[in-house]
Amino acid sequence: MEPLSLIYEQAYWQQGYSRVVGVDEVGRGCLAGPVVAAAVILPVDCVPLPEVRDSKQLTARQRSRLFAQIYHQAIAIGIGSASVAEIDQVNILQATYRAMARALGRVAPWDHALIDGKLTKTAPFERVTAIIGGDRHSYSIACASIIAKVRRDRFMARLARRYPQYGWERNVGYGTPEHRQALDQYGLTPWHRRSFLKSLLPSEAHLCNAIPAE
């Protein structure tokens, strides 16, 4: 398996920017839970790990193993999140930008950021290059996607112990048939995004019939 390229990182390293940071998020499309972002700064002389890919292309076991290896390889890693309340208040796009900004703040100072996706005019970033499909083309962004995915999945697994009805240890908050069936049966928890589930809101009796596990 050929390792992902460092061509984007090298373009800035060659300009004298040593702290180039890859940024990615996970959880934008979920019905429950926060959106989480990771920022990863790699050493200029780093050798890409061959297995690193977009986190969606890896198994949970592969991600867990690479998570530890990336932490060992990186100069700095920052995690940022935006809560369900923030998502409902400002919308998922702006909440995602908040999560990314918080992740970047935890690896400051940094010289230039490579961010997965396409940024809108409301993005609160400077010194940034947005790369569509960045987690498939940039090694540092792919590393960030793995870190963010593992951190969020572990958080949702902990929440699943409190709300076992929703299968969050398996679906991590995405709208799978299992999750939607549980919503029909038990209603919303405090961890569900009301702005994503407006059709379930009219009946107050339908709000959180699930009893948290002790």
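From the backbone N, Cα and C atoms, a Cβ is placed for every residue, glycine too.
According to Swiss-Prot, the residue from D88, D111, D116 that belongs to the divalent metal cation site alongside D24, E25 is D116. With every protein chain in view, the residue among the binding-site residues D24, E25, D116 whose Cβ has the most Cβ partners within 10 Å turns out to be D24.
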